[in-house]
Amino acid sequence: GFYFRSIQGFYFKRIQGNICSEPKKVGRCRGSFPRFYFDSETGKCTPFIYGGCGGNGNNFETLRRCRAICRA
């Protein structure tokens with residue numbers, strides 16, 4: 001019902017806010033994976049190269065996904 005959707009929306013917004021405010025994290029491995037992160041200073045999804053491990057949630061495989069999650 002409505003109550004469940006409200007709670008679900010609240011938690012999604014909390015997760016979304018936390019992920020999108022995390023700093024870009026390349027990671028400690030030496031891979032070379034093109035990714036996008038949300039830059040909270042510019043308000044835009046920006047490309048970066050991810051090393052393959054040790055990243056965080058602000059790491060999206062596509063620009064479209066970054067924009068959808070972070071509303072950029």
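Using N, Cα and C of the backbone, Cβ positions are placed for all residues, glycine too.
Not measured: the values here are computed from a predicted model.
What Swiss-Prot lists as disulfide bond is Cys20-Cys70 (among others). Other C-beta atoms found within 10 angstroms of the C-beta of Cys70 (disulfide bond) number 22, with every protein chain shown included.
Taken from Swiss-Prot, the feature disulfide bond covers Cys29-Cys53 (among others). Under DSSP, Cys29 (disulfide bond) is assigned to coil, being neither helix nor strand in the three-state scheme. Counting only residues at least six positions away in the same chain, the Cβ atoms of Gly51, Gly52, Cys53, Gly54 sit under 8 Å from the Cβ of Cys29 (disulfide bond).
Sequence annotations record features per position, and here Swiss-Prot assigns disulfide bond to Cys45-Cys66 (among others) based on similarity to another entry.
Annotation comment: Swiss-Prot describes 20-70 as domain 'BPTI/Kunitz inhibitor'.
Marked as signal peptide by Swiss-Prot: 1-14.
The helix, strand and coil residue counts that DSSP assigns across the domain 'BPTI/Kunitz inhibitor' (20-70) are 10 helix, 15 strand, 26 coil. For the disulfide-bonded residues given as Cys20, Cys45, Cys53, Cys66, the lowest number of other CB atoms within 10 Å of the residue's CB is seen at Cys53. Distance from the CA of Cys45 (disulfide bond) to the CA of Cys70 (disulfide bond) is 8 Å.
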